[in-house]
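Asker: A single structure is presented below for examination.
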Amino acid sequence: MLLSDRDIRAELSAGRLGIDPFDDSMVQPSSVDVRLDSLFRVFNNTRYTHIDPAQRQDELTTLVEPAEGEPFVLHPGEFVLGSTLEVCSLPDDLAGRLEGKSSLGRLGLLTHSTAGFIDPGFNGHITLELSNVANLPITLWPGMKIGQLCLLRLSSAAEHPYGSSAVGSKYQGQRGPTPSKAYLNFAQR
């Protein structure tokens, strides 16, 4: 069941759901708007001949931060990682779904490629997979609304929520845009 604005506020008031920093004006009828942080991970296109999910490629991305008061410019066809300004903490009976903002989608900005689902028990910044499918550069301003977090109540609490040792939670507690750890899904060679 998708949580309403009333349900979201009740979960926050009870301390079960965490969104920090929280601004009540960001609560929408069935979601909470989230904002863009100031850190980005850009791909180093000359470090490797290709991306191999089975290999640890630590120099695949570089962390960058625009100067204070300046935007990050995302060029057509470019893909970077960003993150939410907010740290989100979900209890073991709520899952999240990150959706883009309609106004930004109409400009050609995609906020996630495939990973818009947030497991119950997750705690951390939500990494954004930002793509510009427009024909012109898009300026991304730290602090701007970048997406909306929808919350869904599970039929029962997760037996092994994200962060428990049983599920191999690679991104629990992540801070800022976190690069892929897909290599951990492969047997070490």
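Here the Cβ of each residue, glycine as well, is placed from N, Cα and C on the backbone.
Sharing the feature lines straight out of Swiss-Prot:
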BINDING   K101, S102, S103, L104, G105, R106, D119, T127, L128, E129, Q148, Y162, Q174  dCTP binding site
SITE      G116, F117  site 'Important for bifunctional activity'
ACT_SITE  E129  active site, proton donor/acceptor
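Walk me through the surroundings of each of these features.
Answerer: For E129 (active site, proton donor/acceptor), the same-chain residues 6+ apart in sequence whose C-beta sits under 8 angstroms from its C-beta are F79, L81, L110, T111, H112, S113, T114, A115.
Taken residue by residue with DSSP, G116 (site 'Important for bifunctional activity') is part of neither helix nor strand, so it is coil. On its own chain, G116 (site 'Important for bifunctional activity') has R97, L98, E99 as residues at least 6 apart in sequence with a Cβ closer than 8 Å to its own Cβ.
Secondary structure from DSSP puts E129 (active site, proton donor/acceptor) in a beta strand.
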Asker: Relative to the Cβ of L128 (dCTP binding site), which residues of the same chain, six or more apart in sequence, are found under 8 Å away?
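Answerer: L36, L81, G82, S83, T84, L98, T111, H112, I146, G147, P177 - these are the non-local Cβ neighbours of L128 (dCTP binding site), listed in sequence order.
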Asker: Return the residues near K101 (dCTP binding site) by Cβ distance under 8 Å, restricted to its own chain and a separation of at least 6 in sequence.
Answerer: D33, T111, K145, I146, G147, Q148
Asker: Taking only the Cα atoms, work out how far S103 (dCTP binding site) lies from F117 (site 'Important for bifunctional activity'), in Å, as a whole number.
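Answerer: Computed Cα spacing between S103 (dCTP binding site) and F117 (site 'Important for bifunctional activity') is 21 Å.
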